[in-house]
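Visitor: Sharing the feature lines straight out of Swiss-Prot:
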- 1-19: signal peptide (SIGNAL)
- ASN105: N-linked glycosylation site (CARBOHYD)
- 107-143: repeat 'Sel1-like 1' (REPEAT)
- ASN127: N-linked glycosylation site (CARBOHYD)
- ASN146: N-linked glycosylation site (CARBOHYD)
- 147-184: repeat 'Sel1-like 2' (REPEAT)
- 185-220: repeat 'Sel1-like 3' (REPEAT)
- ASN424: N-linked glycosylation site (CARBOHYD)
- 592-623: repeat 'Sel1-like 4' (REPEAT)
- ASN607: N-linked glycosylation site (CARBOHYD)
- ASN688: N-linked glycosylation site (CARBOHYD)
- ASN713: N-linked glycosylation site (CARBOHYD)
- 752-772: transmembrane segment (TRANSMEM)
- 789-818: region 'Disordered' (REGION)
- 796-810: compositional bias 'Acidic residues' (COMPBIAS)
Amino acid sequence: MLLSTYLNWASVLLTIAGAESNIDPWDEVSSFLQGKLRKLDVTNPNAYDMNDNEQDATFYVSMDYHEEEERSEYESVWQYYNENSDQDWHKSVYDKLQVSADQFNNTEAMYKLSQINLWGQYGYPHNKSVAFQYLQKFNDMTSYENSSALFDLAVAYSTGLFGTLPVDVARGLLYFQRSARLGDLKAKQVLAYRYFSGYSVARDVDKALLLYKEIAEEIKKKYSEEQWNMVFPYIESYIVRIPDFDEGLLGKGLSTVPQSVRRKKTTRPPFAGSSNLKPIGDVGYGEVVMQFKFNAGNGNPGSFVISDSEHEDRLVELFYTAWDLYKGTYTRGRDCDKAKRLLLQVYKTYDAEVKYMDNLQKFFYVKSLDLLAHMYFTGEGFERPNVQAALDLFDRSEKILEGAEISRTASEVDKGLISQYYFNNTLGALKHYKKAKESGNAHGILFYQLGKLSEKNPELKIGDPYLYMQEASSQQYLPAQYEFAKMVESNELRKYSVEDITRLYKAFVEENENIMAPHLRLGFSELLGGSSEVSLYAYAQAAEQGYEAAQISAAYLLYQLPYKFDDPPETTIERKTMAISYYTRAFKQGNTDAAVVAGDIYFQMKNYTKALSLYQSAALKFSAQALWNIGYMYEHGLGVEKDFHLAKRFYDQILEHNQKLYFAVKASVMKLQLKSWFMWLNGKELDNISIDQEQESTVVRPFFDRLVQLLKNLSRETRGDNKKKNQHRILKEKKTPSQGIMERFGLQTEDLLTMVCVLIIFAISMFFRTVAPRGQWNVRINGVNIAGGNALGEEGNPENENEEDDENDDEGRARARNNFGFGNNFDVQVFAI
């Protein structure tokens, strides 16, 4: 609020100062900004001079959020601009924009100021409150007729800009509807998602279908016939969940949702090793030429060797470097030009040396040629496609691999496309498609083309076009997704519901993120650059559009669950509530882990009823973590009556879904059983014991949490770092009665007894395992003999066992008498719980 007041006064002063001039400075400012970089995209391959050893996406996400720190950071940026003469233009331009907006009521200046503050454009600091002020003013001045500004305003009200203003979902919906009527595709997508999911509106799948279909038809118009039918453009996808870069929301082994990370740097095969690529000529990035030389001993060209100073598998590294450049990664966008130059250098240098290559080198050389041929065919990296050059390279590859049975699915598909669309040779195309299909690694485009051909040429009896298109759609080939949705919608014989058809259109719309959600890439770029608040706004936009991955990413940026022994994040209740909202919406779209995390947040807030409800919903989706959480709540009576029987039932159900958690489950059940025995011995009732969700209790805080917190506090006191944390802790201790040692560590008597019993059981088990073989005791664990001979005799034959027992009976009895004085065999049976 103080910052907004300051800016308002500054605006008034600037208005007074600019009153002497009657010329609107907008034209001057607009012309000046055209020569400035609006936003640095760190994923752009030309943004930085990265080397080939770049790591995968690495970024820092702060867990805490303080408005004071945001305000201080904003003011420090402006202070830097004021104190550095080379940055004078920032202040000058901003002042002129304010004069244009406030004195001359220039709507373009208002909109520019809103975007500058929303996205941090031109190096200006991000400020949500100032952005909203100018955004609201712009819409007022334009009578709410600008669809893009209305969309931004709708997002602002729907999210409250994360604490900047009160959340008003109904008002946001109104602006989304108005923006959609003005033709904004993103706003239409928001409405379609809300009608489909029932969020903030009554669920209406029919309306959702109409909207998604309308958007899909608009998207199709943006592609040419050649792109749609033959070579669909490559889309660099940024539909990725941020926590998936750190093993998912729940961590390794517990997440039930497949990872969304796809475009990481290609993993090299083990034999390729790691090469330090050297620049050759003007090729630049990671370009290297494997050095061949003649054997100086005999001068025989057939005895060429690789230089000892170079890695023998350098050609493998060359191909993967070109492949990474061609497809791009999350941290480095596509660079087809450099990929082309690298592949051309490979072709120029090695083609004459093919006869000296071994099979491995030939294989990767051919893969390099096929990739270069594909780029000639599509025109990627070139001014225009060159079909003849592509065919020449394909022929060269076939000649090199003559007689070898190697799958070349992609090249066969490309040759089929050339035959089908350039030479109108349907039979020739089918021949290539058949080879590609027989490889067992067919692509979606192959089934798409077979479906189109079978529909166009039924006399050839190629197959069922419906099934081909269905297979292509399942492989997420975008034109096939649209065509299959149209086929399903028009075919009454196929049993597909309206909801199924809507899902098909929804998937097609969302996969075209280059049209519908380019801000996903911007959000990821901002996160890499350290601007987490700008990134949050970008992901929030996509989250409102219904992108499940964006909902998870936005929620993760708003609130992250702490690690086991870390302090809870310090943030505002508005951000925490919005995080829960996004996690819940993601769960309704199939992300089971999101329900568990939302439940954990409610659990930390002592709202055990809502936490239990979310855990139960996730448990129905077979989440092992949710089942364990429910068992824990029944064990401790958190929001429910304490019931050890139900707790054990939920613990046992975990093994039905995840056998890897066997020991963890058995340890929990053992602890539960021992606690039950102890409470029974003390005469305590197990039923009708519950902890109110608003009651502050030390019972539910584990021993190790208390121990670690105590060590942290002692460490802070030793360092003298006790300004904020200890002040808060001291104030709390004044209101809390003094605690005993066991309460201080979060221990109860039955907890201590449980740990002692578990240690005794393990000690007895280790004792028997060590002593039994020496004393020839017959020890069985769950009926399996582990000492004293094979339980079934030799080769599992009971008769051998009986014969051996008869022969050694006297010797065994004598040994037993000598050891312990017993006249019979000493049998010990240990049963694992």
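Heads up, the Cβ atoms here are built off N, Cα and C, so glycines get one too.
Help me understand the surroundings of these features in the structure.
Guide: Close to ASN105 (N-linked glycosylation site) in the fold, though at least 6 residues off in sequence, lie MET141, each with a CB less than 8 Å from its CB.
Mean model confidence for the repeat 'Sel1-like 1' (107-143) is a pLDDT of 96.
Using a 10 Å Cβ-Cβ cutoff, ASN127 (N-linked glycosylation site) registers 22 neighbours. For the recorded site, ASN127 (N-linked glycosylation site), the DSSP three-state label reads coil.
Around ASN146 (N-linked glycosylation site), taking its Cβ as the centre, 19 other Cβ atoms fall within 10 Å, counting all chains.
Counting residues of the repeat 'Sel1-like 2' (147-184) by DSSP class, helix then strand then coil, yields 29 helix, 0 strand, 9 coil.
According to DSSP, the repeat 'Sel1-like 3' (185-220) comprises 29 helix, 0 strand, 7 coil.
In sequence order, the list of same-chain residues 6 or more apart from ASN424 (N-linked glycosylation site) whose Cβ falls under 8 Å from its Cβ is empty. Secondary structure at ASN424 (N-linked glycosylation site), as computed by DSSP, is coil.
Taken residue by residue, the repeat 'Sel1-like 4' (592-623) breaks down under DSSP into 25 helix, 0 strand, 7 coil.
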Visitor: In three-state terms from DSSP, label ASN146 (N-linked glycosylation site) for me.
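Guide: Looking at the DSSP assignment, ASN146 (N-linked glycosylation site) belongs to neither helix nor strand, so coil.
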Visitor: Calculate the distance in Å between the alpha carbons (Cα) of ASN146 (N-linked glycosylation site) and ASN607 (N-linked glycosylation site), and round it to a whole number.
Guide: 42
Visitor: Give me the count of other Cβ atoms within 10 A of the Cβ belonging to ASN607 (N-linked glycosylation site).
Guide: 17
Visitor: Report, in whole Å, the straight Cα-to-Cα distance of ASN607 (N-linked glycosylation site) from ASN127 (N-linked glycosylation site).
Guide: 33
